[in-house]
Amino acid sequence: MSDGTQKLWGGRFTGETDPLMHLYNASLPYDYKMYKADLEGTKVYTAGLQKLGLLTETELAKIHEGLAEIKKEWDADKFVRHPNDEDIHTANERRLGELIGRDIAGKVHTGRSRNDQVVTDLRIYCRDIVNDTLFPALKGLVEVLIKRAEGEIDVLMPGYTHLQRAQPIRWSHWLSSYATYFTEDYKRLGQILHRLNQSPLGAGALAGHPYGIDREFLAEGLGFNSVIGNSLVAVSDRDFIVELMFWGTLFMNHISRFAEDLIIYCTAEFGFIQLSDAYSTGSSLMPQKKNADSLELLRGKSGRVFGDLTGFLMSLKGIPSTYDKDMQEDKEPLFDCLTTVEHSMLIATGVISTLTVNKEKMEAALTMDMLATDLADYLVRKGVPFRETHHISGECVATAERLGLSGIDKLTLEQYQKIDSRFGQDLFETFNFEQSVERRDATGGTAKSAVLKQLDNLKSQLN
């Protein structure tokens, strides 16, 4: 007897499948993760068949009992896989036949193709991961950033451009910046969820369902928002996977930059923060080392997720319309992307919630040259055009450097007035870091009131 008789597609074949081809073709080693979605889809699909009169109520009840038993086996990690189980669909159908008999189990696939079955499973799986895993994990990360920002609102630090000290900011302003990035990711994920939550079930292999199944009934039963209106698109569309993976790459780009900042801040040269032991590792040779491996892995794994997306895009770009086996290559990069993103969220949350801030070192890193813009603003308030004040302030910086002074605050009033006569005694009030940040109180700025408004706004967006 040919092994083809054990396959869903075996009737046309008389020869044996090459053993390597069987392994090459099989996807159960990774698509088993969709077992819940597959069983759920079959449960609703068979209800649709019963509604058409293609199954009796008794048959439907037996099928649903069998599906429930299979779910228990998977949940308990007791499902026995067979060598001929090609994928999660064939494994579940084979086991259903063992439990309730092949005569009834053989009706389950009536009018359904693995083409619409697998993409239905994928959409359910992605939806569940977004709702049950990604949303809570990302919200938790943002909430930790907000909580920390509120608690350390009075800590000042240098803000950087080009990795050069630029202007004083609040540490909470930095925390709020990444809370903002991640909140945008949170909202973007909701938009993707709306688009992916459409039902392809009932589209058949490509041409549609031969028995006129109620696709709206199937969609409602599976919690989809709508039905994909073209059967060719229904079975072939993988844009929702591309979009979800692109979302993952964008999030990982944000988390990589977040990690890079913290890696810099925790070096001995900066000393702004110290990671907890829970998120650090040591050296096998140098006993004194405390390495920020959690952050370095966040940065490094971003490249992995980028590769998942680009690899799948290369698989997808040249295939003809409707279903092709190339599409089997969607699952491994998708699963890897989603798992990596989830773990990265949890690690980042742990890092930020347990690190220690060295307020003294942050504030000691503030230097008076960072107030050069404030000096220019001082003259603006006296009616001098900003482009002129920018040049004057730059001349003050150059003069202090030429005289070997430690900062522009060390120039005397006489020296200032030689540069520009409009400087007055009150210019020295400019040299105050707290006042500098408090002047920047417009929406989005680093003043305390502005940062607190940012945090309140982020909270409202999460809710």
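Cβ coordinates come from backbone N, Cα and C, glycine included.
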According to Swiss-Prot, Ser27, Thr161, Asn291, Tyr323, Gln328, Lys331 bind 2-(N(omega)-L-arginino)succinate; which one of Asn84, Asn115, Asn197, Asn253 is annotated to that same site?
Asn115
Between Asn115 (2-(N(omega)-L-arginino)succinate binding site) and Glu296 (site 'Increases basicity of active site His'), find the distance joining the two CA atoms and give it rounded to the nearest Å.
40
Given the recorded positions Ser27, Ser283, Asn291, which one has the fewest other C-beta atoms within 10 angstroms of its C-beta?
Ser283
Calculate the distance in Å between the alpha carbons (Cα) of Lys331 (2-(N(omega)-L-arginino)succinate binding site) and Glu296 (site 'Increases basicity of active site His'), and round it to a whole number.
27
Based on the record's binding annotation for 2-(N(omega)-L-arginino)succinate (Ser27, Asn115, Thr161, Asn291, Tyr323, Gln328, Lys331), what whole-number value in Å is the widest Cα to Cα distance?
51
Helix, strand or coil at Ser283 (active site, proton donor) [DSSP, three-state]:
coil
